[in-house]
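Visitor: Sharing a structure with you now.
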(Lines of atoms letter the chains of each structure in order from A and count residues from 1; the text may use other names and numbers.)
(Lines give C-alpha, C1' and ligand atoms only; values in the text may rest on other atoms or scores of the structure.)
Protein backbone atom coordinates (compact mmCIF):
# COMPACT_ATOMS: atom_id res chain seq x y z
CA UNK A 1 0.00 0.00 0.00
CA UNK A 2 1.29 3.49 -0.88
CA UNK A 3 2.33 5.94 1.82
CA UNK A 4 -0.27 8.49 0.63
CA UNK A 5 -3.11 5.97 1.02
CA UNK A 6 -1.74 5.12 4.47
CA UNK A 7 -1.83 8.81 5.45
CA UNK A 8 -5.51 9.15 4.52
CA UNK A 9 -6.29 5.90 6.34
CA UNK A 10 -4.68 7.38 9.44
CA UNK A 11 -6.82 10.53 9.19
CA UNK A 12 -10.13 8.70 9.01
CA UNK A 13 -9.24 6.04 11.58
CA UNK A 14 -7.73 8.56 14.03
CA UNK A 15 -10.92 10.62 13.93
CA UNK A 16 -13.06 7.57 14.74
CA UNK A 17 -13.85 6.05 18.12
CA UNK A 18 -12.16 2.82 17.00
CA UNK A 19 -8.79 4.51 17.59
CA UNK A 20 -9.55 5.57 21.16
CA UNK A 21 -8.13 3.07 23.65
CA UNK A 22 -7.90 3.10 27.44
CA UNK A 23 -7.56 5.97 29.89
CA UNK A 24 -4.88 8.64 30.26
CA UNK A 25 -5.68 8.61 34.03
CA UNK A 26 -6.68 12.24 34.31
CA UNK A 27 -9.69 10.99 36.28
CA UNK A 28 -7.04 9.98 38.86
CA UNK A 29 -6.17 13.65 39.42
CA UNK A 30 -8.51 15.93 41.39
CA UNK A 31 -7.68 19.63 41.56
CA UNK A 32 -8.88 21.03 44.88
CA UNK A 33 -11.69 23.54 44.51
CA UNK A 34 -10.93 27.00 45.87
CA UNK A 35 -14.22 28.49 47.07
CA UNK A 36 -12.49 31.81 47.75
CA UNK A 37 -10.17 32.33 44.77
CA UNK A 38 -9.69 36.08 45.44
CA UNK A 39 -9.39 36.78 41.72
CA UNK A 40 -11.82 37.66 38.96
CA UNK A 41 -12.19 35.35 35.97
CA UNK A 42 -11.10 38.25 33.77
CA UNK A 43 -7.76 38.37 35.63
CA UNK A 44 -6.75 34.84 34.66
CA UNK A 45 -3.73 35.13 32.36
CA UNK A 46 -3.06 32.20 30.01
CA UNK A 47 -0.02 33.70 28.31
CA UNK A 48 3.21 31.76 28.64
CA UNK A 49 6.30 30.75 26.67
CA UNK A 50 6.75 27.74 24.44
CA UNK A 51 10.45 26.89 24.54
CA UNK A 52 11.14 30.61 24.86
CA UNK A 53 8.58 31.86 22.32
CA UNK A 54 5.66 33.93 23.67
CA UNK A 55 2.27 32.26 23.10
CA UNK A 56 -1.27 33.08 24.19
CA UNK A 57 -1.97 29.82 26.04
CA UNK A 58 -0.08 26.77 27.37
CA UNK A 59 -1.83 24.72 24.71
CA UNK A 60 -1.02 23.81 21.13
CA UNK A 61 -2.17 21.80 18.14
CA UNK A 62 -0.49 18.39 18.20
CA UNK A 63 1.06 16.43 15.36
CA UNK A 64 -1.48 15.01 12.93
CA UNK A 65 -1.01 14.77 9.21
CA UNK A 66 0.41 15.81 5.85
CA UNK A 67 1.24 14.37 2.45
CA UNK A 68 -2.14 14.07 0.72
CA UNK A 69 -4.68 16.52 -0.68
CA UNK A 70 -7.00 15.93 2.27
CA UNK A 71 -4.10 16.35 4.70
CA UNK A 72 -3.10 19.60 3.03
CA UNK A 73 -6.58 21.03 3.44
CA UNK A 74 -6.66 19.97 7.10
CA UNK A 75 -3.21 21.45 7.75
CA UNK A 76 -4.27 24.76 6.22
CA UNK A 77 -7.30 24.96 8.53
CA UNK A 78 -5.28 23.96 11.58
CA UNK A 79 -2.66 26.58 10.76
CA UNK A 80 -5.24 29.34 10.33
CA UNK A 81 -6.70 28.47 13.73
CA UNK A 82 -3.25 28.38 15.36
CA UNK A 83 -2.49 31.84 13.99
CA UNK A 84 -5.88 33.19 15.09
CA UNK A 85 -5.51 31.91 18.66
CA UNK A 86 -1.77 32.56 18.95
CA UNK A 87 -0.82 28.97 19.79
CA UNK A 88 1.90 26.61 18.47
CA UNK A 89 1.28 23.92 15.88
CA UNK A 90 3.08 20.67 15.11
CA UNK A 91 2.85 19.06 11.69
CA UNK A 92 2.63 15.33 11.05
CA UNK A 93 5.61 13.28 9.90
CA UNK A 94 7.33 15.03 6.99
CA UNK A 95 9.05 11.95 5.61
CA UNK A 96 6.50 11.68 2.80
CA UNK A 97 7.37 15.18 1.55
CA UNK A 98 11.09 14.43 1.64
CA UNK A 99 10.71 11.37 -0.59
CA UNK A 100 7.86 12.84 -2.69
CA UNK A 101 8.61 16.57 -3.19
CA UNK A 102 5.35 17.05 -5.09
CA UNK A 103 3.44 16.87 -1.77
CA UNK A 104 5.58 19.46 0.06
CA UNK A 105 2.74 21.93 -0.39
CA UNK A 106 0.63 19.96 2.09
CA UNK A 107 3.09 21.08 4.79
CA UNK A 108 4.06 24.47 3.33
CA UNK A 109 0.46 25.63 3.82
CA UNK A 110 1.25 25.73 7.54
CA UNK A 111 3.89 28.45 7.25
CA UNK A 112 1.72 30.29 4.74
CA UNK A 113 -1.29 30.35 7.06
CA UNK A 114 0.48 30.60 10.43
CA UNK A 115 3.45 32.94 9.89
CA UNK A 116 3.65 34.32 13.43
CA UNK A 117 3.27 31.32 15.77
CA UNK A 118 5.83 28.63 16.66
CA UNK A 119 5.71 25.72 14.22
CA UNK A 120 7.18 22.30 14.97
CA UNK A 121 8.71 20.12 12.24
CA UNK A 122 8.41 16.35 12.63
CA UNK A 123 10.50 13.32 11.64
CA UNK A 124 10.40 9.72 12.84
CA UNK A 125 13.01 7.79 14.81
CA UNK A 126 13.12 4.89 12.29
CA UNK A 127 14.25 7.33 9.60
CA UNK A 128 17.06 8.54 11.88
CA UNK A 129 18.24 4.97 12.27
CA UNK A 130 18.46 4.29 8.52
CA UNK A 131 20.02 7.56 7.30
CA UNK A 132 23.70 8.40 7.16
CA UNK A 133 24.91 11.54 8.92
CA UNK A 134 25.00 13.80 5.86
CA UNK A 135 21.61 12.71 4.53
CA UNK A 136 20.08 13.07 7.99
CA UNK A 137 21.41 16.61 8.27
CA UNK A 138 19.87 17.42 4.88
CA UNK A 139 16.50 15.98 5.92
CA UNK A 140 16.51 18.00 9.13
CA UNK A 141 17.27 21.26 7.32
CA UNK A 142 14.64 20.56 4.64
CA UNK A 143 11.98 19.67 7.21
CA UNK A 144 12.62 22.89 9.12
CA UNK A 145 12.69 25.06 5.99
CA UNK A 146 9.50 23.46 4.68
CA UNK A 147 7.38 25.02 7.43
CA UNK A 148 9.75 27.71 8.77
CA UNK A 149 9.88 25.70 11.98
CA UNK A 150 10.71 27.13 15.39
CA UNK A 151 11.54 23.63 16.70
CA UNK A 152 11.82 20.07 15.45
CA UNK A 153 10.23 16.98 16.97
CA UNK A 154 11.52 13.45 16.58
CA UNK A 155 8.77 10.94 17.27
CA UNK A 156 9.35 7.59 18.93
CA UNK A 157 6.78 5.08 17.71
CA UNK A 158 8.27 1.65 18.32
CA UNK A 159 4.94 -0.02 19.11
CA UNK A 160 3.33 1.34 15.94
CA UNK A 161 6.23 0.23 13.77
CA UNK A 162 6.01 -3.34 15.08
CA UNK A 163 2.34 -3.73 14.14
CA UNK A 164 2.21 -1.56 11.00
CA UNK A 165 2.02 -3.68 7.82
CA UNK A 166 4.72 -1.45 6.27
CA UNK A 167 6.49 -0.95 9.60
CA UNK A 168 10.19 -0.25 10.09
CA UNK A 169 11.00 -1.32 13.68
CA UNK A 170 14.61 -0.14 13.53
CA UNK A 171 15.70 1.88 16.56
CA UNK A 172 19.36 0.92 16.98
CA UNK A 173 21.55 4.02 17.23
CA UNK A 174 18.69 6.52 17.54
CA UNK A 175 20.09 8.20 20.66
CA UNK A 176 23.33 9.11 18.86
CA UNK A 177 21.39 10.26 15.80
CA UNK A 178 19.39 12.64 18.02
CA UNK A 179 22.65 14.46 18.72
CA UNK A 180 23.14 14.92 14.97
CA UNK A 181 19.58 16.26 14.63
CA UNK A 182 20.16 18.75 17.43
CA UNK A 183 23.39 20.00 15.87
CA UNK A 184 21.97 20.22 12.34
CA UNK A 185 18.72 21.89 13.38
CA UNK A 186 20.11 24.78 15.39
CA UNK A 187 16.59 24.86 16.85
CA UNK A 188 14.98 23.40 19.97
CA UNK A 189 14.76 19.60 19.79
CA UNK A 190 11.60 17.92 21.07
CA UNK A 191 11.59 14.15 21.54
CA UNK A 192 8.06 12.79 21.65
CA UNK A 193 6.20 9.53 21.96
CA UNK A 194 3.08 8.81 19.93
CA UNK A 195 0.75 7.12 22.40
CA UNK A 196 2.75 4.76 24.60
CA UNK A 197 4.43 7.19 26.98
CA UNK A 198 7.97 7.90 28.14
CA UNK A 199 9.49 6.41 31.30
CA UNK A 200 11.88 8.02 33.77
CA UNK A 201 14.67 5.78 32.46
CA UNK A 202 14.25 7.05 28.90
CA UNK A 203 13.82 10.63 30.14
CA UNK A 204 17.15 10.39 31.96
CA UNK A 205 18.87 9.22 28.77
CA UNK A 206 17.41 12.19 26.90
CA UNK A 207 18.71 14.73 29.44
CA UNK A 208 21.28 16.96 27.81
CA UNK A 209 20.08 16.03 24.33
CA UNK A 210 16.39 16.97 24.15
CA UNK A 211 15.34 20.55 24.83
CA UNK A 212 11.85 19.21 25.52
CA UNK A 213 10.19 15.87 26.08
CA UNK A 214 6.62 15.36 24.87
CA UNK A 215 5.33 12.36 26.82
CA UNK A 216 2.80 11.17 24.20
CA UNK A 217 1.18 8.94 26.80
CA UNK A 218 -1.26 6.05 26.59
CA UNK A 219 -4.98 6.62 26.91
CA UNK A 220 -6.18 8.36 23.78
CA UNK A 221 -5.51 7.78 20.10
CA UNK A 222 -3.79 4.42 19.66
CA UNK A 223 -1.74 4.03 16.50
CA UNK A 224 -1.40 0.39 17.43
CA UNK A 225 -5.19 0.05 17.19
CA UNK A 226 -5.19 2.07 13.95
CA UNK A 227 -2.57 -0.18 12.36
CA UNK A 228 -4.53 -3.23 13.54
CA UNK A 229 -7.59 -1.92 11.72
CA UNK A 230 -5.48 -1.46 8.57
CA UNK A 231 -3.86 -4.92 8.75
CA UNK A 232 -6.64 -6.75 6.90
CA UNK A 233 -4.19 -8.76 4.81
CA UNK A 234 -1.81 -9.59 7.65
CA UNK A 235 -3.18 -11.84 10.42
CA UNK A 236 0.09 -11.56 12.35
CA UNK A 237 0.04 -7.75 12.47
CA UNK A 238 -3.66 -7.78 13.32
CA UNK A 239 -3.05 -10.21 16.21
CA UNK A 240 -0.10 -8.19 17.49
CA UNK A 241 -2.18 -5.01 17.42
CA UNK A 242 -5.00 -6.65 19.34
CA UNK A 243 -2.53 -7.87 21.97
CA UNK A 244 -0.59 -4.62 22.32
CA UNK A 245 -3.22 -1.92 21.89
CA UNK A 246 -3.35 -1.66 25.72
CA UNK A 247 0.44 -1.35 26.02
CA UNK A 248 1.89 1.86 27.41
CA UNK A 249 2.26 4.35 30.25
CA UNK A 250 -0.91 6.40 30.92
CA UNK A 251 -0.28 10.08 30.24
CA UNK A 252 -0.75 11.25 33.84
CA UNK A 253 1.77 8.65 35.03
CA UNK A 254 4.17 9.46 32.19
CA UNK A 255 4.22 13.14 33.19
CA UNK A 256 5.30 12.05 36.68
CA UNK A 257 7.87 9.66 35.20
CA UNK A 258 9.51 12.34 33.07
CA UNK A 259 9.26 15.03 35.76
CA UNK A 260 11.17 12.76 38.15
CA UNK A 261 14.19 12.35 35.88
CA UNK A 262 14.30 15.34 33.54
CA UNK A 263 14.71 19.04 34.34
CA UNK A 264 13.91 20.36 30.86
CA UNK A 265 10.71 21.56 29.22
CA UNK A 266 7.89 19.03 29.60
CA UNK A 267 5.01 18.76 27.14
CA UNK A 268 1.93 16.66 27.89
CA UNK A 269 -0.02 14.88 25.17
CA UNK A 270 -2.03 11.70 24.81
CA UNK A 271 -5.69 11.42 25.73
CA UNK A 272 -6.09 15.06 26.75
CA UNK A 273 -9.70 15.70 25.90
CA UNK A 274 -10.53 19.02 27.59
CA UNK A 275 -9.01 22.16 29.02
CA UNK A 276 -9.54 20.61 32.46
CA UNK A 277 -7.38 17.62 31.48
CA UNK A 278 -4.78 20.11 30.29
CA UNK A 279 -4.94 21.97 33.61
CA UNK A 280 -4.38 18.68 35.44
CA UNK A 281 -1.38 17.96 33.22
CA UNK A 282 0.16 21.31 34.16
CA UNK A 283 -0.58 20.73 37.85
CA UNK A 284 1.22 17.38 37.56
CA UNK A 285 4.32 19.07 36.21
CA UNK A 286 3.93 19.74 32.49
CA UNK A 287 4.83 23.16 31.11
CA UNK A 288 2.51 22.85 28.14
CA UNK A 289 0.00 20.47 26.56
CA UNK A 290 -1.16 19.59 23.07
CA UNK A 291 -4.26 17.96 21.64
CA UNK A 292 -4.70 16.20 18.31
CA UNK A 293 -7.69 13.87 17.87
CA UNK A 294 -10.37 16.27 19.17
CA UNK A 295 -9.04 18.99 16.87
CA UNK A 296 -8.77 16.66 13.87
CA UNK A 297 -12.35 15.58 14.41
CA UNK A 298 -13.47 19.19 14.83
CA UNK A 299 -11.64 20.22 11.65
CA UNK A 300 -13.35 17.47 9.66
CA UNK A 301 -16.70 18.57 11.11
CA UNK A 302 -16.12 22.27 10.36
CA UNK A 303 -16.08 23.40 14.01
CA UNK A 304 -12.37 23.75 14.73
CA UNK A 305 -12.43 27.31 16.08
CA UNK A 306 -15.36 26.55 18.35
CA UNK A 307 -13.51 23.54 19.79
CA UNK A 308 -10.33 25.51 20.48
CA UNK A 309 -12.34 28.31 22.11
CA UNK A 310 -14.04 25.74 24.35
CA UNK A 311 -10.72 24.17 25.38
CA UNK A 312 -9.32 27.58 26.28
CA UNK A 313 -12.48 28.45 28.25
CA UNK A 314 -12.24 25.13 30.13
CA UNK A 315 -8.59 25.79 30.98
CA UNK A 316 -9.32 29.33 32.14
CA UNK A 317 -12.19 28.08 34.30
CA UNK A 318 -9.96 25.45 35.94
CA UNK A 319 -7.46 28.17 36.80
CA UNK A 320 -10.17 30.43 38.22
CA UNK A 321 -11.68 27.64 40.34
CA UNK A 322 -8.28 26.79 41.82
CA UNK A 323 -7.32 30.42 42.41
CA UNK A 324 -4.49 30.33 39.87
CA UNK A 325 -3.99 33.70 38.21
CA UNK A 326 -1.13 32.50 35.98
CA UNK A 327 0.08 29.26 34.43
CA UNK A 328 2.95 29.27 36.91
CA UNK A 329 0.47 29.40 39.81
CA UNK A 330 -1.54 26.54 38.28
CA UNK A 331 1.53 24.31 38.65
CA UNK A 332 1.34 24.83 42.43
CA UNK A 333 -2.35 24.20 43.15
CA UNK A 334 -3.23 21.44 45.66
CA UNK A 335 -4.39 18.15 44.20
CA UNK A 336 -5.34 14.62 45.22
CA UNK A 337 -4.43 11.42 43.36
CA UNK A 338 -6.58 8.34 42.93
CA UNK A 339 -5.33 4.88 43.96
CA UNK A 340 -3.96 3.78 40.58
CA UNK A 341 -1.83 6.89 40.07
CA UNK A 342 -0.79 7.02 43.72
CA UNK A 343 0.32 3.38 43.62
CA UNK A 344 2.24 3.99 40.40
CA UNK A 345 4.03 6.99 41.94
CA UNK A 346 4.93 4.97 45.05
CA UNK A 347 6.07 1.81 43.25
CA UNK A 348 8.12 3.75 40.73
CA UNK A 349 9.46 6.13 43.42
CA UNK A 350 8.46 9.22 41.47
CA UNK A 351 8.24 12.87 42.46
CA UNK A 352 4.88 14.26 41.47
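Glycine too: its Cβ is placed from the backbone N, Cα and C atoms.
Okay, so Swiss-Prot annotates it like this:
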BINDING   6, 7, 93, 94, 95, 160  substrate binding site
BINDING   63, 64, 65, 93, 122, 192, 221, 271, 272, 273, 292, 293  FMN binding site
BINDING   161  Mg(2+) binding site
Visitor: Filter the binding-site residues 65, 122, 161, 221, 292 down to those whose C-alpha lies within 10 angstroms of the C-alpha of residue 94 (substrate binding site); answer none if the list is empty.
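Guide: Hits: 65, 122.
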Visitor: Of the binding-site residues 93, 95, 160, 161, which sits closest to residue 122 (FMN binding site) by Cα distance?
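Guide: Checking each of 93, 95, 160, 161 against residue 122 (FMN binding site), the shortest Cα distance is to 93.
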Visitor: I'd like to confirm something. Which of the binding-site residues, 93, 95, 160, 161, has a Cα closest to the Cα of residue 221 (FMN binding site)?
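Guide: Closest recorded candidate to residue 221 (FMN binding site) by Cα: 160.
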Visitor: Checking the spread of the FMN site as listed (63, 64, 65, 93, 122, 192, 221, 271, 272, 273, 292, 293): what is the longest Cα-Cα distance, in whole Å?
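Guide: Answer in Å: the longest Cα-Cα distance is 22.
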Visitor: List the Cα distance (Å, whole number) between residue 272 (FMN binding site) and residue 93 (substrate binding site).
Guide: 21
Visitor: Got a sec? Which of these binding-site residues, 63, 272, has the most Cβ atoms within 10 Å?
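Guide: When each Cβ's neighbours within 10 Å are tallied, 272 leads.
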Visitor: Mind giving me a neighbour count for residue 94 (substrate binding site)? Other Cβ atoms within 10 Å of its Cβ, every protein chain shown.
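Guide: The answer is 27 other Cβ atoms.
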Visitor: 10 Å Cβ neighbour count around residue 93 (substrate binding site)?
Guide: 26
Visitor: Which of the binding-site residues 93, 95, 160, 161 has its Cα nearest to the Cα of residue 292 (FMN binding site)?
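Guide: Sorting the binding-site residues by distance from residue 292 (FMN binding site), the top entry is 93.
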Visitor: I want to verify one value. Collapsing DSSP to three states, which class is residue 63 (FMN binding site)?
Guide: coil
Visitor: According to DSSP, which of helix, strand or coil covers residue 292 (FMN binding site)?
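Guide: For residue 292 (FMN binding site) - judged by DSSP and reduced to three states - the answer is coil.
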Visitor: What is the interatomic distance between the Cα atoms of residue 63 (FMN binding site) and residue 93 (substrate binding site), given in whole Å?
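Guide: Cα of residue 63 (FMN binding site) to Cα of residue 93 (substrate binding site) measures 8 Å after rounding.
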Visitor: What is the Cβ neighbour count of residue 161 (Mg(2+) binding site) at a 10 Å cut-off, with all protein chains included?
Guide: 20
Visitor: If H, G and I count as helix, E and B as strand, and all else as coil, what does DSSP give for residue 94 (substrate binding site)?
Guide: coil
Visitor: Reported as an integer number of Å, what is the Cα distance between residue 93 (substrate binding site) and residue 65 (FMN binding site)?
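Guide: For residue 93 (substrate binding site) versus residue 65 (FMN binding site), the Cα atoms are 7 Å apart.
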